[in-house]
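The structure appears right after this line, and notes come after that.
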There are 4 protein chains.
Amino acid sequence: EALVSPDGTVTEAPRTVKKQIQFADQKQEFNKRPTKIGRRSLSRSISQSSTDSYSSAASYTDSSDDETSPRDKQQKNSKGSSDFCVKNIKQAEFGRREIEIAEQEMPALMALRKRAQGEKPLAGAKIVGCTHITAQTAVLMETLGALGAQCRWAACNIYSTLNEVAAALAESGFPVFAWKGESEDDFWWCIDRCVNVEGWQPNMILDDGGDLTHWIYKKYPNMFKKIKGIVEESVTGVHRLYQLSKAGKLCVPAMNVNDSVTKQKFDNLYCCRESILDGLKRTTDMMFGGKQVVVCGYGEVGKGCCAALKAMGSIVYVTEIDPICALQACMDGFRLVKLNEVIRQVDIVITCTGNKNVVTREHLDRMKNSCIVCNMGHSNTEIDVASLRTPELTWERVRSQVDHVIWPDGKRIVLLAEGRLLNLSCSTVPTFVLSITATTQALALIELYNAPEGRYKQDVYLLPKKMDEYVASLHLPTFDAHLTELTDEQAKYLGLNKNGPFKPNYYRY
Amino acid sequence: EALVSPDGTVTEAPRTVKKQIQFADQKQEFNKRPTKIGRRSLSRSISQSSTDSYSSAASYTDSSDDETSPRDKQQKNSKGSSDFCVKNIKQAEFGRREIEIAEQEMPALMALRKRAQGEKPLAGAKIVGCTHITAQTAVLMETLGALGAQCRWAACNIYSTLNEVAAALAESGFPVFAWKGESEDDFWWCIDRCVNVEGWQPNMILDDGGDLTHWIYKKYPNMFKKIKGIVEESVTGVHRLYQLSKAGKLCVPAMNVNDSVTKQKFDNLYCCRESILDGLKRTTDMMFGGKQVVVCGYGEVGKGCCAALKAMGSIVYVTEIDPICALQACMDGFRLVKLNEVIRQVDIVITCTGNKNVVTREHLDRMKNSCIVCNMGHSNTEIDVASLRTPELTWERVRSQVDHVIWPDGKRIVLLAEGRLLNLSCSTVPTFVLSITATTQALALIELYNAPEGRYKQDVYLLPKKMDEYVASLHLPTFDAHLTELTDEQAKYLGLNKNGPFKPNYYRY
Amino acid sequence: EALVSPDGTVTEAPRTVKKQIQFADQKQEFNKRPTKIGRRSLSRSISQSSTDSYSSAASYTDSSDDETSPRDKQQKNSKGSSDFCVKNIKQAEFGRREIEIAEQEMPALMALRKRAQGEKPLAGAKIVGCTHITAQTAVLMETLGALGAQCRWAACNIYSTLNEVAAALAESGFPVFAWKGESEDDFWWCIDRCVNVEGWQPNMILDDGGDLTHWIYKKYPNMFKKIKGIVEESVTGVHRLYQLSKAGKLCVPAMNVNDSVTKQKFDNLYCCRESILDGLKRTTDMMFGGKQVVVCGYGEVGKGCCAALKAMGSIVYVTEIDPICALQACMDGFRLVKLNEVIRQVDIVITCTGNKNVVTREHLDRMKNSCIVCNMGHSNTEIDVASLRTPELTWERVRSQVDHVIWPDGKRIVLLAEGRLLNLSCSTVPTFVLSITATTQALALIELYNAPEGRYKQDVYLLPKKMDEYVASLHLPTFDAHLTELTDEQAKYLGLNKNGPFKPNYYRY
Amino acid sequence: EALVSPDGTVTEAPRTVKKQIQFADQKQEFNKRPTKIGRRSLSRSISQSSTDSYSSAASYTDSSDDETSPRDKQQKNSKGSSDFCVKNIKQAEFGRREIEIAEQEMPALMALRKRAQGEKPLAGAKIVGCTHITAQTAVLMETLGALGAQCRWAACNIYSTLNEVAAALAESGFPVFAWKGESEDDFWWCIDRCVNVEGWQPNMILDDGGDLTHWIYKKYPNMFKKIKGIVEESVTGVHRLYQLSKAGKLCVPAMNVNDSVTKQKFDNLYCCRESILDGLKRTTDMMFGGKQVVVCGYGEVGKGCCAALKAMGSIVYVTEIDPICALQACMDGFRLVKLNEVIRQVDIVITCTGNKNVVTREHLDRMKNSCIVCNMGHSNTEIDVASLRTPELTWERVRSQVDHVIWPDGKRIVLLAEGRLLNLSCSTVPTFVLSITATTQALALIELYNAPEGRYKQDVYLLPKKMDEYVASLHLPTFDAHLTELTDEQAKYLGLNKNGPFKPNYYRY
């Protein structure tokens, strides 16, 4: 997910240690954005993630010492096309293998492809996309293609592109413009190359972070008006869309897939239940048993973190601002405390609030030696990392994504991923979760593209519950799970259609 | 919670074994109700519960062989009042002790009393109530009194009244009309005595099951129009209100407290997590470890049952009709099956669907010897118990609430509570959960009574989220739980009021 | 299990409230016992348990107002025998039903019966037994009979006999001498009637608590010398045997079945995991979620209690004296504290140490209002209940097995079962666990009775591991569990016999 | 831990894919060993592990393209000594940092150092050691030094040495002979350099795998006789010692630290509970939720694996040969099956038996596509990997430690670490666990070195329980855990010394 600073400067260089970093308040940023911006003054997305750190593909080819910018290279795929820009088209075979592996774990998309052999629900669709370029995205793109769509794609993050996958996509004919380690200038150049093609008017947008949408909205307003629908994945991007909508400037129906049930519960609760353990292990090799941990925030992410750590034998404390979530924490067996009460004794501090300055310099000053601090929430504002960029503290990078911040008296705090998202920076996202998200995106595109006139107005919509249920049902075969069907009599008794939707909209799952 | 049969006959006599029982489809019943009914033809509430089975108070005085009907007795309390009708006013002291014990576990209501010492938010309120008469209800009633209200009360269930508690309430001046073992005629007579008092026009209704509301609506339409608000607790009662509302006949604002977050999550998930174990133990003394169990339905109740049994070492299978809940079951580690696939091998079958005929005679025929069958869902329709009332099967009552149904070949099925709610019939509901519900009811009454003109129309409302949060916050001190407060800066960042509400309405918890 | 006071007086009358009770230190008692004692001065077993409290059978017939002592009655069973003494032979049919139900959950004993149809491994055995007289014991006795043994039986506890079961056994021809509510004199009279029969020399003893063994040892030394073997079940009885052995006075081989793997792990860990919840619920109806609990002792019992309460959402603290168990508690996710550190804040205190005065008056003085105190350890010494029998404290019995002890300032402590074993007093033991124990006893009898000369000397033995494994294997079919068999090649590789034993003696499971 | 092939050839080249590998039955190997062996015919240790794969240090310097053999280099540390042989003495600073980090997580050893400031319990000890050379070993070695010992050290594994750590040790004056990637010849050369030094007679051996012991026993029998004690860590090494002892050839007391309680429970149960998740995640990035897993073997390792996977939402089946462990699996909530029953449906197969050919080619043939197969047991014989080295199957290495084995029909099996130990090959061992082991080793050395004449004979001993308890107590401060002390009265009541040991030897924990 992308963060944007309102002043248009690059606000973070994650690989550079000890640099003073200022993060702007991202919540209000959209309406503050300058209305006229040239390329250089445009704010740039800096990903909090570099999902590639431990991915397999990266290891084959990252040691490449090819320093030439892809923009300066002349490359053609085996069919002679050069309508793409990737690091090295020769890596296509490696990437294809990664894509094939991913296909095996994305049966829902493969099922969609199969069903689309007769009809092509996206025939005529011209989709421009801006997401992380990974093997899973590739499966999505190739599924969209199989459903009839034409696609052009850029990366939503300057670090997260898997070069081999981008090469494989380019080789198989997708106009892809992305590589790992783009500059800010490269980033917008790639987006523009997707959008601005003679004779190609996109009619659908698939976005993750809102940069692509914003670019078209600002630079190509006429093109924007002809878009049939926008599908947006990220909290930030959705926030921007709601602001556009409130301001009366959203002339296109948009689908908020971020708040669909499957995404919320699976991406957050179930995925974080696993990735908190994974992220901590890969960075610190610590043992969980017996460790005292405070988890700030008991939303879906916090619930997942707490459940996992408790199961591994950690003693977990929770902080909350919302009394309902607080009471849930109590009933689930966690001591509800204020951070100050336990900060001196805990071995690990994990933030999952979506809030800012949850862990302050004052807290950091009081932590015990070797305390691990990390963030699982949705942005890097939760830990006041900036407050640690002061002369009396020494930063020492001990591993990738692991810094020791050393106090004058020798106390060390172990800061992971510089306060960015641990689960994106230091662990991988399971393909299964990505499959749910990608299937949701595909269905949202189909829905918006095929919806009869008038079903969707110029507003932001949640995915219809029935489609949420459909996404879920497509993933049940993975678990050899057998759904029960209502009898006619039962359906009548319950007042339900036998095929769903099965729950009222306010149902909480 | 009350079940009503549309033909107006008493449809169940839980204490009589081997009687053929017919349950009507309760969902459609309300609009089928005869519009003109005399007392005898009125349908009667039959409770699925008899919460008294294991309660402490019951044991002191149940052996009373006093056979005189309370309606035929002349009783006065110590202040000389006879405006009540209970089993035996002399049991008041026993009941008072039970109430005092309950008070210690209902700190939220006690806190409300304290805050009300200055202002009386219910001053002028004339509340007529129809609920289970238990020690916890007594704490609620006395709290309403302390807040300024006048109350008159009847029982919503002919079996569930604790006579000692009713006596204690009568002794302290509450007009209570209820005893354990009322006849149907008694039931309506009690309700009428609450309502129909010269010079007393009730202005608020607190109902559990909708019978009181219905009685006033039908019998005293003019009185009904002057009611300021209805607070309804039960699924059935809420259903009836929505039907009235749809039919345009609801001339009073009503509050659906059944679907409030705290009630749903705490009554269902957390309470059932404990009561499934309790109910099974008290009836069968079985060991959970190693047992194979199938849980039908993975809503809040099913989730609670599954979590508890898994934790105790059972092997749990789940059936579901909703693919989203089904996927949750998978991710939580349960095999999702159709009932047929496991029916031959399981040791226990538990229904929690809210559906009918989930366990059919065919299933029952295929179960193995000694299989235990019980229901945790919201009505007794889930197991087709009626299908077991056939000549070739022998019923043997082996303990209170436990029947062996014996097949011709000697196979026995262990049926608990004749398919009624296990958690109400065979275990007790923790006071803490009742405290949450009672506090919610009190706040709903205060809200409706004090709401400025126009805030609530003639419709059914959910409790405002802020009050849900308030109920939760009143219960945190029980756990010595310390809530974190937002700083001004954080509240601004999040766009929230520091005092809540903290979540959007669609938040799922 | 039996407790004995060294001064020979009856030290407890559990049903009498507010009586001052003094418990002697039972550990040293055996060698202090007077060597010459008449009937009246013999120390008496007082059970800590009254397992009948919630049992089903009790409810049918307990209201019997027959006050005649069984010893004064003339009773015959239907075959004309009067060699028994039970409450009422007419209750036999009720008891038979209970026995039949128990048979269904004791498949291992039933399997032993089946295998014994050809050979009778106990042919010629004359077993005198002294145990709790329950349906499960009846299944054991009838199994011993089927294996060829003659049996005579008394109760090891004056309260625990199920009269109906005793009647059923008498009816089917077993000389049983036991009823609920024996006096001390009755107790020894019954034992003597089992032992002292003309023309009957017992050759095997099955004992639970050591009273029967002691009686024969003291009163009939010649008979004692002819015994082929003793099987002892209880901690106390085993302790007495070891003392006899150390003193060189044990002239008979004895089998300590208390320390067999299956008994230790299943009786303690798995059984207590369930009974702690059951015992607390039945007595207090409390909710576990969010409660703070301190468990004193992290042996098998403590591990079971902690696991169950943690799973139900309690916050659990542990105290320990043994650093290894302490470290296990840490790794399992429990804060290891001294009792003083948490005594002010916890809602529940549970002792499982086997130690004395673990909870002192000082601790009790510091507990918060409504704190629940109970004991799951092996004797009633763990909580210093005697210290609460002082004039300034008021005792109030609020339910069976539940006392409120009230401090002058109104603070109440909820004391369960007066500090006796919660799992025996306030919950039932699952038949499955009793099945394991009973099978172990039966196998131990067979082993001792059939062992070739010289295999067992005049000492106390643990059950051979192979028999422990055999007991376990007999219980696997209950769970439809399928054991894997070693191939010849694997057995050779591991250096094991294909049929076990599979582990070295020091293996810890 | 080292594996030895009896024919003396190098039997495995873990980095070479698709090579046919034959593993000998290691159990019988010792007595088959040729009595006269030259260097080339000596059996070689092949580690199943390469713990370095994901370690931090490795990443700094592994890309070193220095191809010169350390044996051919002339290196001196800063003090001028050249009595060592490591990869590159200049890496010492990196290694020192790793050691310092490790020190922070090994407080028990640091506490031993502190206590030794006055007395030097190992003064005069000349220890020759052969273990993995890691930061944690370095902390142990420097502790032994602080306690007064002189040490010389070699690696027990040709791959596991962390070159930087070896350099740091050499720099600080320890004669270390080890580097990553030794040849077999190097391996024995290093050991010999430790042992065979003019004027240096070692008197203590610390061994892991038995190679060092064997070398001295065979090559320097006179030196061997003067050894005061051997401390052996591994299953294999312990097995060899028992064989020597049985053969009457062990002329030195030896301590088996492998079977100490702390090692068994912590290394196996608690460590594997975490490393199974870690190993699977790092290799496959799979999601655990909803996956079906079969775990072969329910010993400590199996218990840990099952607990972790169940907690993460997997559905776990267990296979067992031992009925007691099988019954434990049932009570813990796992279906006990034969492997054949579930092999077609599971997503993951994990072996933890210590047995051979638990997963056969027949099983592998029946697994479903994408099934993951791995081993957590003590040797690589559990999965019949050799059976997969056949022409019709294609091996494809997709990541480090991850092979796809592809059937002719396209089915892929995902084989991890070629069947070697997953927890050693694909995850790191937490420092805390290594701390327990290292402390145990240090205490065992102290005990053997200081034991009065006659306490230990020429045999293999288990660590005295009291020292096991001491090791545990030294690790409690890590968790801020507060042990309770017995009062004099309690100690007397229990018949225990207040300082332990607290349990009988047969106690199972």
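Glycine is treated like the rest: Cβ placed from N, Cα and C.
Automatic prediction, not curation, is the source of TrEMBL annotations.
The substrate site recorded in TrEMBL comprises A:Thr134, A:Asp208, A:Lys263, A:Asp267 together with one of A:Glu184, A:Glu232, A:Glu233, namely A:Glu233. Per-residue pLDDT, averaged across the domain 'S-adenosyl-L-homocysteine hydrolase NAD binding' (A:268-429), gives 95. Between the CA atoms of A:Thr134 (substrate binding site) and A:Asn423 (NAD(+) binding site) there is a gap of 16 Å, rounded to the nearest whole number. In sequence order, A:Cys271, A:Cys272, A:Ser275, A:Ile276, A:Asp278, A:Gly279, A:Met376, A:Val429 are the residues near A:Asn423 (NAD(+) binding site), counting only same-chain partners six or more apart with C-beta under 8 A. Between the CA atoms of A:Val301 (NAD(+) binding site) and A:Glu233 (substrate binding site) there is a gap of 17 Å.
Residues from the set of binding-site residues A:Thr134, A:Asp208, A:Glu233, A:Asp267, A:Gly302, A:Asn423 situated with their C-beta under 8 Å of a chain B C-beta: none. Cβ neighbours of A:Gly299 (NAD(+) binding site) (same chain, under 8 Å, six or more residues apart in sequence): A:Asn268, A:Cys325, A:Cys352, A:Thr353, A:Gly354. Around the Cβ of A:Glu233 (substrate binding site), the same chain contributes A:Thr131, A:Leu206, A:Asp207, A:Asp208, A:Gly209, A:Val257, A:Asn258, A:Thr437, A:Gln441, each under 8 angstroms and 6 or more positions distant in sequence. If you measure from the Cα atom of A:Lys263 (substrate binding site) to that of A:Glu320 (NAD(+) binding site), you get 23 Å.
Checking each of the binding-site residues (A:Glu300, A:Gly302, A:Lys303) against A:Asp267 (substrate binding site), the C-alpha distance stays within 10 Å for A:Glu300. Our reading of the substrate binding annotation (A:Thr134, A:Asp208, A:Glu233, A:Lys263, A:Asp267) yields a largest Cα to Cα distance of 18 angstrom. Contacts of A:Glu300 (NAD(+) binding site) defined by a Cβ separation under 8 A and a same-chain sequence distance of 6+ are given as A:Gln264, A:Lys265, A:Asn268, A:Leu269, A:Cys272, in order along the sequence. DSSP gives A:Thr134 (substrate binding site) a coil state; it is part of no helix or strand. When other Cβ atoms within 10 Å of the Cβ of A:Gly302 (NAD(+) binding site) are tallied across all protein chains shown, the result is 30.
The NAD(+) site in the record is lined by A:Gly299, A:Glu300, A:Val301, A:Gly302, A:Lys303, A:Gly304, A:Glu320, A:Asn423, and its two most distant CA atoms lie 21 Å apart. DSSP assigns A:Glu300 (NAD(+) binding site) to a helical segment in the three-state reduction.
Sorted by the number of other CB atoms within 10 A, the binding-site residues A:Asp208, A:Asp267, A:Glu320 start with A:Asp267, the lowest.
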